[in-house]
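What Swiss-Prot annotates here:
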BINDING   Gly151, Ile152, Ser153, Arg154, Thr155, Ser156, Lys157, Thr158  ADP binding site
Amino acid sequence: MEDQLTIFIISDSLGETAKAIAKACLSQFPGHDDWHFQCFSYINSQERLEQVFEEASQKTVFMMFSLVDVALASYAQKRCESEHYAYVDLLTNVIQGISRISGIDPLGEPGILRRLDNDYFKRVESIEFAVKYDDGRDPRGILQADLVIIGISRTSKTPLSMFLADKNIKVINIPLVPEVPVPKELRMIDSRRIIGLTNSVDHLNQVRKVRLKSLGLSSTANYASLERILEETRYAEEVMKNLGCPIINVSDKAIEETATIILEILKTNGQVAKNL
């Protein structure tokens, strides 16, 4: 229709936030479907704003702008008022109110929320990576990982991988088993990207018995025997020594405590610093 009602979304970033607010508000008017969205992204100068108003001149327009630049937002308000456009400034009053109460000046940088969204998606990617390569499912992931955690069974490899993935670090964990050759990829990367985990024999004996019980198996199985645990522990320590990687004993440590130690080691070694 010629007099179609149009919402102009004017933003110094993508305009997704403003559009989401507009849609939420329009849901209160279910009987009216003549609204049309027109999004103007990355409006960062008065010249570009002028072009938006030129386009609005022949339409019935409601202006919604999300501009962190105070001068630009003020200009948009004045133009709307002088040309009798209905409008709402989504950011100025909120930012000024927060600044007044907190005593902190705003950054005035457009696109910050978008950068935060990018961090979120990177974190999701890291978590998906940890799940995909959990428990050595595909050793080729070693070459793509920021961090490789190695250790025998029940040394908290998986929960640590997930915890660190939430810190935006791509982690793969590799189980060390005497009968299984060490992945060749471990010798193809910087040993500072590898962390070895150990545990006390007594603690491993206890947690493995609990694990067997949860699976409905006998606690006397070889998996939980002291002889087997000693064999695995000696083998793992020899592998870690040959690789020259840092080793952490996780006995009596919470996941968060071990993760903090790992993060400090990575920072000291200059590894994955971009994520920390």
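From the backbone N, Cα and C atoms, a Cβ is placed for every residue, glycine too.
Where Swiss-Prot records a feature, it is marked here on the structure.
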| residue | record | contacts (Cβ under 8 Å, 6+ apart) |
| --- | --- | --- |
| Gly151 | ADP binding site | Lys157, Asn173, Pro175, Leu176, Gly196, Leu197, Thr198, Asn199, Ala236 |
| Ile152 | ADP binding site | Pro175, Leu176, Val177, Thr198, Asn199, Leu204, Ile229, Glu232, Thr233, Tyr235, Ala236 |
| Ser153 | ADP binding site | Pro175, Val177, Arg208, Tyr223, Glu232 |
| Arg154 | ADP binding site | Asn199, Leu204, Val207, Arg208, Arg211 |
| Thr155 | ADP binding site | Leu197, Thr198, Asn199, Leu204, Val250 |
| Ser156 | ADP binding site | Leu197, Asn199, Val250, Ile255, Thr258 |
| Thr158 | ADP binding site | Asp134, Asp135, Asn173 |
Lys157 (ADP binding site): tally of other CB atoms within 10 A of its CB: 25
Remaining residues near the recorded ADP site, that is with C-beta within 8 Å of the centroid of the site residues Gly151, Ile152, Ser153, Arg154, Thr155, Ser156, Lys157, Thr158: Asn173, Pro175, Leu197, Asn199
